[in-house]
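Quick look at what TrEMBL annotates:
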| type | residues | note |
| --- | --- | --- |
| DOMAIN | 20-152 | domain 'EamA' |
| DOMAIN | 163-299 | domain 'EamA' |
| TRANSMEM | 12-32 | transmembrane segment |
| TRANSMEM | 44-67 | transmembrane segment |
| TRANSMEM | 88-105 | transmembrane segment |
| TRANSMEM | 111-129 | transmembrane segment |
| TRANSMEM | 136-152 | transmembrane segment |
| TRANSMEM | 158-178 | transmembrane segment |
| TRANSMEM | 190-214 | transmembrane segment |
| TRANSMEM | 234-254 | transmembrane segment |
| TRANSMEM | 261-281 | transmembrane segment |
| TRANSMEM | 287-305 | transmembrane segment |
Amino acid sequence: MAIKRSAPAQTGLFSPGLQGVLFFCCGLFLLSGSDGVVKYLSDYFSPLMIAVFRFGVQTAMVVVIAFAKGIRLSNLWRELTPVQIFRASFLVLASLQFIVAFKYLPLTDVIAIFFIQPMILTGLSAVVLKEDVGPRRWAAVLFGFIGVLVIVRPGSGIFGIYALLPVGAATAFALYLMMTRKLSGQASVLGAQLAIGLTGTIVMVPALLVMMVLGLGEPPVLEARPDSWLVPSFFLVFLAAFALAGQGLLIMAFERASASLLAPLSYVEIISATLIGFFFFNEIPDTAVWLGVGILAASGIYLAHRERIAARANKISPP
């Protein structure tokens, strides 16, 4: 049976919309962390094996958290409706395409191509969800896109056959976010995470077994490096933890704010990707990158300002 939850009430100075912005940005930072872990693990494991561990460990974590919070698994199981599983399938598809892309493309290139996603989501929000997207928010979307262009500098030669993977991931992720907004309040955060973990595990495990039996694809690199399994395996746990927490925060964000408001803020992810590239992959951002980051930050601050004005206007409006 679906669980219906009322919309969060405003707490202190933070309206539900601003809470959604905060949760969304934090979730994106965590998901960027999982992207960095995937990039690291691609030197040790095949993409399908990474996907199996990512969703399998996530499922186990959900079960552990449920037990720790005294939540009956039967209650979570009842939340696994067909529509929840359908929503989860989009995220599973996006994740697999991302994992494969990180194996063959640089981290920055994958994230850069992926930023077609906010445009897709904003369009879906206006057309499918019938959300009101005013000209100022559309302007903020375009302003944020300019920041991405400044960072990416099109024409750098990153487009090829593998560039279709992040494009496909962006489309699948936009559909997942749109359905998250549409299904807001119909399942608990843990229930939604269980749907994602189980869907991914059920899909990926048979696929991995078939490829291993038929000898298709690339074997895990660890088969040739049996003495180096410990550290990469430890990072598999971090991958699932970052993904679980990040997805949970995104779900909480869409319970508090509209998809059209949150979509432009997806550009925040490139800031965290820049930091990860600098600290872990020795990618030193140049002046253009910092200029683009400044443009993205300005876009996000303006959107938060517009949300605060809207929240104040709704508060003083007569019933």
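Keep in mind that glycine also has a Cβ here, set from the backbone N, Cα and C atoms.
A quick note: this is a predicted structure, and the numbers were derived from the prediction, not measured.
DSSP states for the domain 'EamA' (20-152), grouped as helix (H, G, I), strand (E, B) and coil, give 110 helix, 0 strand, 23 coil. Listed by sequence, the residues of this chain that lie at least six past the ends of the transmembrane segment (158-178) yet keep a Cβ under 8 A from its Cβ atoms are 87-88, 90-91, 93-95, 97-98, 100-101, 104-106, 109-117, 120-121, 124-125, 128-129, 250, 254, 259, 262-263. With a cut-off of 8 Å on Cβ pairs spaced 6 or more residues apart, the transmembrane segment (261-281) and the transmembrane segment (136-152) reach 3 or more such pairs and are scored as touching.
The stretch with the most CB contacts under 8 Å to the transmembrane segment (44-67), chosen from 88-105, 111-129, 136-152, 190-214, 234-254, is 190-214.
When Cβ distances are compared across the two stretches, the transmembrane segment (12-32) makes contact with the transmembrane segment (234-254), since 3 or more pairs at least 6 residues apart fall below 8 angstroms. Below 8 angstroms of C-beta separation, residues 35, 38-39, 42, 47-48, 50-51, 54-55, 114, 158, 162-163, 165-166, 168-170, 172-173, 175-176, 179, 192, 195-196, 198-200, 203-204, 243, 247 of the same chain, each at least six residues beyond the ends of the transmembrane segment (88-105), sit close to that stretch. Within the same chain, residues 19-24, 26-31, 33-34, 37-38, 40-41, 50, 53-58, 61-62, 91, 95, 177, 180-181, 184, 189, 192-193, 196-197, 262 sit at least 6 positions outside the transmembrane segment (234-254) and bring their C-beta atoms closer than 8 Å to a C-beta of that stretch. Mean predicted confidence for the domain 'EamA' (163-299): the pLDDT average there is 77.
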